[in-house]
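I'd like to ask some things about the structure below.
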Amino acid sequence: MNAFIGLILKDLWLRILLWIAGISALTLIVPFAFEGLYSSEQEREVLRQTLDNPALIAMIGPVPEGAYTIAVMFSHEMLVFMAIIHGLFGIMIANAISRRMEDQGLIEYVNSAGITRGAIFMTQLLIGAGMNVLLGLVIFLGTYLSSDDSFTLAGCTLYAVGTSLFGLMFYTLTLVFAQLLGSSEWTFGMALTILLLLYLYRAITDVARPELSVISPYNWLTRLESFASNEVLWLLPFLLIAVFTGLAWALFSRRDLGDAYFSMERNKKPRTIGSYPRLMTGSMKVLVASWLVGMALIGASYGSIFGDLDAFINENAFLANSMAATGEDPIGQFISVLIMITSVIGVIPALMVSGRILREEKHGRLEWLESAGMRRTVMLPSHGLYAVIVGIAGVLIALLSMYGASMTVRGIDMTAGDYVIAAINYSAGIIAFVGLSVLLIGLRAKLHFIVWFYLLFTFFVNYLGLIIGLGDEWLLATPFHHLAALPVEEMAWTPWFIIVGLGILMMGAGVMLFRRRDVG
Amino acid sequence: MTVLELKDLTKTFGKTVAAKDVSFKLEAGEVFGFIGPNGAGKSTTLRMIIGALTPDSGDILMDGQTVAGNRHYRQNIAYVPGDVNLWGNLTGEEVIRFFMKVRGYTDTAKKDHLIAQFRLDSKKKCRTYSKGNRQKVALICAFLSDARLLIFDEPTSGLDPLMERIFHEQLAAAKAEGRSILLSSHILSEVEKLADRIAIIREGRIIETGRLETLRHITRTEYVVKSGQNLAEMQKLPYVHDYEEADDGTHMRVDNDSVGDFLQAVARYQPHHLETLPPRLEDIFMRYYEDGRVSP
């Protein structure tokens, strides 16, 4: 078994290490930034006031009581959001060493070499526990060593243990799905769906019915109140990990290798697929459909808090007065921020669609297709165009669900048409991102990761920029910043045309380059 | 008539020279064997022909016309990659239909016949296929096409002997129709059986091209000698290799360029039986790889 752990770690150590380094860096840079930005209590109090509104509660969770120290502020603004990434880390690695390995026939192979199922399962558990312990240690040490006094021993411990247990819980949950579902794609998709649905559930309930939020594990982290009252008891629900572990083992030990409890295979009449675009759309059906549903959910959950937003502003006379004095429309402000964040999220499925051609290339199918007469100058633009369509459709669906969920709220002066215009506005950003993606694919397959980094950068600058107040010089580097912030601003067509033009230009250049480069 | 001609194709990946001045011609209606061990540059050469890789230098001519800038030349080619990855969510049937549709073939009777011949369970999703089954799908797609040039990259590496025979039959049928076949392989017996001419590639360079019979001149011939005297002294001669005494006589392999010397030497032992075994491709191959000899 030791040899087996060694083998798996040799295969995965770099990925695990990169995840741990990435999550730690993202987490630990924030206390450091806060110390510079919000050194006085007064500044922090002002920030707490700004964060105490339904839109931001939906995003990052309820505002804590008591003194708003740097550590409390850190935990408040980071915990729920980072939990998604901790969960994602667990899901990706768990899937890689369970169902993915089984899909590739590796589990069967090592099993035949005398490594028992018990040892395989134990290895999977040990790696999950080990990587989360390591991540927890780094985060504990990093926060504890930060210079501000508010990072107490108990608080740092609780923050690190909480996030690590959260990651481990999704790790074990993924192991359960790996037994139930017959492919790694389904396992990943299902685990990710649960991770995101619980986040959305928390977002809605945190705003509307805080007492119901407790069903979501994200809320357990909030209730830990690390760095304040340190409620250790809220670690107890994470005992669910033991239940998932037992369940996964019970399911794993009782089934045939390569088999699953739920079969997704249906016996259908064979289809006749007559062109590359149809082959492409067919192979991404599940991906696209689930993203469109996801976008609808995101839009609806944001839309559902608009009512609270309105009530909040009416109650807060000071805010209403100051906003009125400067001629700003507070609800409009919040809505425009939510619309922009939604649009940035809408870029993700678009990039998945355009980047999918690299999978065809990696598996050697691209050259096979080409040898059968399909042209690269058709295949790559097909992905680009479909990516743009999926991206825009996602944003449109999200914004229309936002409209649908907020229709009953009075005081919001927006028609369905306004949301459509907003979607058209931000579609420019999607075209620019897809353009960059196609350009990178045309240059070299290996460079495509850059567009994901750029999206991550854009997301963080726009999201964190909102919370911790980053300067404009950061925002200038993202396409979304240059587009009009609908609905508070008027639609501006000049930047729209420039950004769309740049996107199309990059796409064209990418296709030209792709025609000439080596594939495979 | 020359269907395909490669002229001094060179391809490097970083510092690795995958192919260096590769040249050969493929005539209409012939089976051309392309042999060499893994990593010798076989696949690189084939992938340059189908256009997946652009050669650093050199030229590829199809029917006497350069293929650079001519995107239609692939209509005459059907290619079967060495390791075929199929779309996991499609069935074998769906993949074959897809290729028929995009290449404009409608002969479903031939398709059904080939599926039956290769005993492919085409109703299953490709995700569940073994390597051999994935190869069958690609082979069926290629044999279904009316391309004039068929290119196979180690096509039988996952097939069982029975299916290998079906493949050989289909290949012979394609040849009988006047199609040209470029067959890359490291299975020598297969190439020996099927190919009219061969090229041997080693470390990116073609070290020999020609008809099998001509190549045999540069190899060793195996002799079986029976004599009343003790032949053991013969194994000391520089041109005698693999000396072995067996029940049916003494076997030895002799460099072809020293046959005259060998016959003079063996005459002294008064042999009462002298038999020549025809050289096999293995011998040609091994000689190159053992000696590391590259022809000038």
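Using N, Cα and C of the backbone, Cβ positions are placed for all residues, glycine too.
This is the feature table in TrEMBL:
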type     : residues  : note
TRANSMEM : A:12-34   : transmembrane segment
TRANSMEM : A:78-98   : transmembrane segment
TRANSMEM : A:119-145 : transmembrane segment
TRANSMEM : A:151-174 : transmembrane segment
TRANSMEM : A:186-204 : transmembrane segment
TRANSMEM : A:232-252 : transmembrane segment
TRANSMEM : A:286-305 : transmembrane segment
TRANSMEM : A:331-353 : transmembrane segment
TRANSMEM : A:384-403 : transmembrane segment
TRANSMEM : A:423-443 : transmembrane segment
TRANSMEM : A:450-471 : transmembrane segment
TRANSMEM : A:491-514 : transmembrane segment
Can you tell me which parts of the same chain pack against the transmembrane segment (A:151-174), counting only residues 6+ beyond its ends and a CB-CB cutoff under 8 A?
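Non-local partners: 31, 70-71, 75, 79, 82-83, 86-91, 93-95, 98, 125, 128-129, 132-133, 135-137, 139-140, 143-144, 187-188, 191, 194-195, 217, 220-221, 224, 226-228, 230, 232, 234-235, 238, 240-241, 244-245, 248.
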Near the transmembrane segment (A:331-353), which residues from the same chain, at least 6 beyond its ends, have a CB less than 8 A from one of its CBs?
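Non-local partners: 53-55, 59, 284, 287-288, 291-292, 295, 298-299, 302, 306, 309-310, 313, 323, 383, 386-388, 390-392, 394-395, 398-399, 402, 411-412, 414, 419, 422-423, 426, 429-430, 433-434, 437, 451-452, 455, 458-459, 462-463, 466, 480, 485-489.
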Residues of the same chain, at least six outside the transmembrane segment (A:286-305), with any C-beta under 8 angstroms of its C-beta?
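For the transmembrane segment (A:286-305), the list is 54-55, 57-58, 185, 189, 193, 196-197, 200, 203-204, 207-208, 338, 342, 345-346, 348-349, 352-353, 390, 393-395, 397-406.
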Considering only the recorded stretches A:78-98, A:119-145, A:384-403, A:423-443, state which has the highest number of Cβ pairs under 8 Å to the transmembrane segment (A:12-34).
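Between the candidates A:78-98, A:119-145, A:384-403, A:423-443, the best contact partner of the transmembrane segment (A:12-34) is A:119-145.
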Six or more residues out from either end of the transmembrane segment (A:384-403), which same-chain residues have a Cβ under 8 Å from its Cβ atoms?
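For the transmembrane segment (A:384-403), the list is 277, 280-281, 284, 288, 291-292, 295-300, 302-303, 338-339, 342-343, 345-347, 349-351, 353-354, 414, 416, 419-420, 422-423, 426-427, 430-431, 433-435, 437-438, 507, 510-511.
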Are there residues at least six beyond either end of the transmembrane segment (A:78-98) with Cβ under 8 Å to its Cβ atoms? List them, or say none.
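For the transmembrane segment (A:78-98), the nonlocal Cβ contacts are 8, 12, 15-16, 19, 23, 26-27, 30, 59-61, 107, 123-124, 127-128, 131-132, 135, 159, 162-164, 166-172, 174-175, 178, 184, 187-188, 191-192, 195-196, 199, 202, 217-218, 221-222, 226.
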Taking the transmembrane segment (A:119-145) as reference, which of A:186-204, A:232-252, A:423-443 has the most Cβ pairs under 8 angstroms?
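Selected stretch: A:232-252, with the most Cβ pairs under 8 Å.
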Go through the chain and flag residues at least 6 beyond the ends of the transmembrane segment (A:232-252) whose CB is under 8 A from any CB in it; none is fine as an answer.
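Distant Cβ neighbours of the transmembrane segment (A:232-252) are 117, 121, 125, 158, 161-162, 165-166, 168-169, 172-173, 175-176, 178-180, 217, 220-221, 223-224, 261.
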I need to check the long-range neighbours of the transmembrane segment (A:423-443): which residues 6 or more away from its ends have a CB within less than 8 Å of a CB in the stretch?
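Here the qualifying positions are 339-340, 343-344, 346-347, 350-351, 354-355, 357-358, 380-381, 383-384, 387-388, 391-392, 395-396, 399-400, 450-451, 454-455, 479-480, 483-484, 486, 491, 495-496, 499-500, 502-507, 509-514, 517.
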